[in-house]
Amino acid sequence: MAQLYYKKVNYSPYRDRIPLQIVRAETELSAEEKAFLSAVEKGDYATVKQALQEAEIYYNVNINCMDPLGRSALLIAIENENLEIMELLLNHSVYVGDALLYAIRKEVVGAVELLLSYRKPSGEKQVPTLMMDTQFSEFTPDITPIMLAAHTNNYEIIKLLVQKRVTIPRPHQIRCNCVECVSSSEVDSLRHSRSRLNIYKALASPSLIALSSEDPILTAFRLGWELKELSKVENEFKAEYEELSQQCKLFAKDLLDQARSSRELEIILNHRDDHSEELDPQKYHDLAKLKVAIKYHQKEFVAQPNCQQLLATLWYDGFPGWRRKHWVVKLLTCMTIGFLFPMLSIAYLISPRSNLGLFIKKPFIKFICHTASYLTFLFMLLLASQHIVRTDLHVQGPPPTVVEWMILPWVLGFIWGEIKEMWDGGFTEYIHDWWNLMDFAMNSLYLATISLKIVAYVKYNGSRPREEWEMWHPTLIAEALFAISNILSSLRLISLFTANSHLGPLQISLGRMLLDILKFLFIYCLVLLAFANGLNQLYFYYETRAIDEPNNCKGIRCEKQNNAFSTLFETLQSLFWSVFGLLNLYVTNVKARHEFTEFVGATMFGTYNVISLVVLLNMLIAMMNNSYQLIADHADIEWKFARTKLWMSYFDEGGTLPPPFNIIPSPKSFLYLGNWFNNTFCPKRDPDGRRRRHNLRSFTERHADSLIQNQHYQEVIRNLVKRYVAAMIRNSKTNEGLTEENFKELKQDISSFRYEVLDLLGNRKHPRRSLSTSSADFSQRDDTNDGSGGARAKSKSVSFNVGCKKKACHGAPLIRTVPRASGAQGKPKSESSSKRSFMGPSFKKLGLFFSKFNGQTSEPTSEPMYTISDGIAQQHCMWQDIRYSQMEKGKAEACSQSQMNLGEVELGEIRGAAARSSECPLACSSSLHCASGICSSNSKLLDSSEDVFETWGEACDLLMHKWGDGQEEQVTTRL
């Protein structure tokens, strides 16, 4: 690496040193430019104004200059939130550039308002925008003000920009192949991806959605789903898109948190976004918004307590106080309703509008009846497997038994129910539910079993020993398929566990584990096939016949396993069962004395066991553990979401009767069929247009109702957004706390206030100051002060040292020097007295400010106290009663000889302070006025042009440092 810095070899004692130098040096600022930027930093309005005026005349200062951090004067003013200096700079036509973006990122609302209202004068010569942005811009070209404001999620700034009618580019679809997307991706794929990410980051801002969307809940649903799908395509930015998707989900959930009544909740959850569907009055109170939330997998929204409370109320309709009842009462009630489900179903078939017919339509009763029907079906399957009705086992085509005839209506009822569900919800929605796929497989197996039994009954009439049947006999295949369908039917009962709070999370964890098993099987099958191919290739030549083996048995199922790797299928079986320890090692032996072949085969077999058992199996366990832990961490949300999907399946109209009663046509079904047949094949003529007028009237009424419902929805959304914004701002202020930025703002306010006080004092000179790193000027001042201070240590804190009876009073380092006030003696007395009366309240307010910051209450007195908590021992100093007179020059000289010398007063011990103060006479009631007056009359004694309160910023720094450490000591200066 050293070769990058020097090339020739140097054998000097310092040859192991690497010379360093600045290779990318920047243009240095002049002394005037440094002073200009420093004045902007400190908030010195007068100095900045003077520098700008001189720049317009003499062109000695580049008002668009930048400090080493790339900040111009305008950016510094924005960072310090100094709006007065910002307005002053804009009035002098400084270069704006990215100032608006900078103000938005700093979240300075006042600066944003000022920049939005700023209009550049026409014809002015600005610095070229391209050069400035290319060199110093902190933002990419695709970032717009509204996008950056949305990234910061500042509601006030977003509102200001939206009122200006700003726009955001519309992102294309995820897999868009238009010319613009293809060309942009080919030219610069990184910029294309970053630009799309920035757009989606802006669109996902909760404040922007709340302000600009008519239906913010639906917008959050769709945007969250789109971002989730986009994370699967943009794998490089998967984490960012998933975070934005989660942000949209939480926004919809937080918005629903603001609902305060059941009416608001019902209006939100029953609202439809498609007006064509809203025109059907029978489909209004069907929780349309909640169905959309389930469709887009908005688990946080669905599991929200307000939503769950409304769902529970609808679910237990007709059973008030159900949750407060004892579990024994609940069990007996459910068992009673379950045993009565046949009578309730018959009552509904006969009279759907009767009390019993309406009772079975309730969601909870419907769930109990369907569960009881399915348990009855499982009980009959158990009877069929136990062969309660004995038949001849050797009949090739046996007729159906009584139990099988009883099972058939249930199977037909299940098939009819699945057909109706697919017809109502659509094929796409049907296949997205895994339980529907399981039902489809189960019903297919039952249909195949019934078909094969019919074929066997028709084709085979005789009796024959079962041992002599061929392998693919229809009866044998039907029995195998019926056994598999019994397993699936029993496992289907797990779906009902979702209704229970204890078994529901376990059922969800089981589903996640099945996904992990499928992922594991993909890798395992690859390993299995690889080793099966190798072992079969090695042992193919050593295959033996069955007659050569004991008991004429060939394969791994024999008492003595043999030919384990003779064929590919046999090898796959052998390797699979070896995972469970069911394969012996001697299967790798061969009858020939080929020890090398046996060694290679045993090594391959051992390697397979190590990979499958030690590596893959432990990986599967880790994956399943991770899935379970993921569910356990979000058990409440996952379970409530799954339970809601179960409940919603019973809230819908239709599917009231459980199998097998659902296959029986009801009078209502005959009525619907007759109306459809009459309207389709026998249309009636309507010469008077009576039906047309009736349809138009009903359409108008439904449309008016939909408009009213939409208006109610917009009112509720408006209230929810207001509450959400108020809560968001309140939480942000609560969580913000005290940060370093707060102390910087406090320091900036004190610095600005200091210059304002100096302007109020008047007669302040504006010296040109240099921000050079050399400390020559400071050392010169210190040497000057040291000359008058004797052997005292140097200190940056300089204050007045007033002699009183030839004894000095030491004060806190609050005031450095007083500027020279030329011509002060010539002013009239009224003017000086008015100035003194004006300055008094200002310093009183300053004392109150410092006392409040220390947590103390300060009462305004004739002698104001100024307290600074800087962790130093308390010291007190009182001004002497300085008698001021402007009558004649002699009296002024006599007053000047009262041993009032300006020097440096350091912070010392508090010892002797009381003694010194007791020797001094009491100060006048307006000590500050006396001090200002004597300073004006003795201006010739002041040989320093420094500001009055130059050390306030340093005292504030020390104050903040000590205040953070919890040291609340006080230094009090009495003026």
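Positions of Cβ are set from backbone N, Cα and C atoms, glycine also.
Worth saying up front: this structure is predicted, and the values here are computed from it rather than measured.
Here Swiss-Prot gives transmembrane segment for one range in the set 98-118, 434-454: that range is 434-454. Checked against Swiss-Prot, the domain name for Q386 differs from that for D636, so they face opposite sides of the membrane. Checking N461, N678 against Swiss-Prot, you find N-linked glycosylation site recorded for N461. Across the binding-site residues listed here (C176, C178, C181), the residue whose Cβ sits among the most other Cβ atoms within 10 Å is C181.
When pLDDT values are averaged over the topological domain 'Extracellular' (455-476), the model yields 88. There are 21 other CB atoms within 10 A of the CB of D439 (Ca(2+) binding site), with all protein chains counted. Ranking the binding-site residues E418, E421 by the number of CB atoms within 10 A of their own CB puts E421 at the top. Counting residues 6+ beyond its ends, the topological domain 'Extracellular' (455-476) has Cβ neighbours under 8 Å at 392-399 in the same chain. Around the Cβ of H172 (Zn(2+) binding site), the same chain contributes C178, E180, C181, each under 8 angstroms and 6 or more positions distant in sequence. Take the mean position of the Cβ atoms of H172, C176, C178, C181, the recorded Zn(2+) site; other residues of that chain with a Cβ within 8 Å of it are Q173, N177, E180, V182. The Cβ of N436 (Ca(2+) binding site) lies under 8 Å from the Cβ of E418, E421, Y430, each of these being in the same chain and 6 or more residues away along the sequence. In the three-state DSSP scheme, H172 (Zn(2+) binding site) is classed as coil. Remote same-chain partners of the topological domain 'Extracellular' (385-404), defined as residues 6 or more beyond its termini with a Cβ less than 8 Å from a stretch Cβ, comprise 453, 456-466, 469, 473-475, 486. Those same-chain residues not listed among E418, E421, N436, D439 yet with C-beta within 8 angstroms of the centroid of the Ca(2+) site C-beta atoms are G417, M422, Y430, D433, W435, F440.
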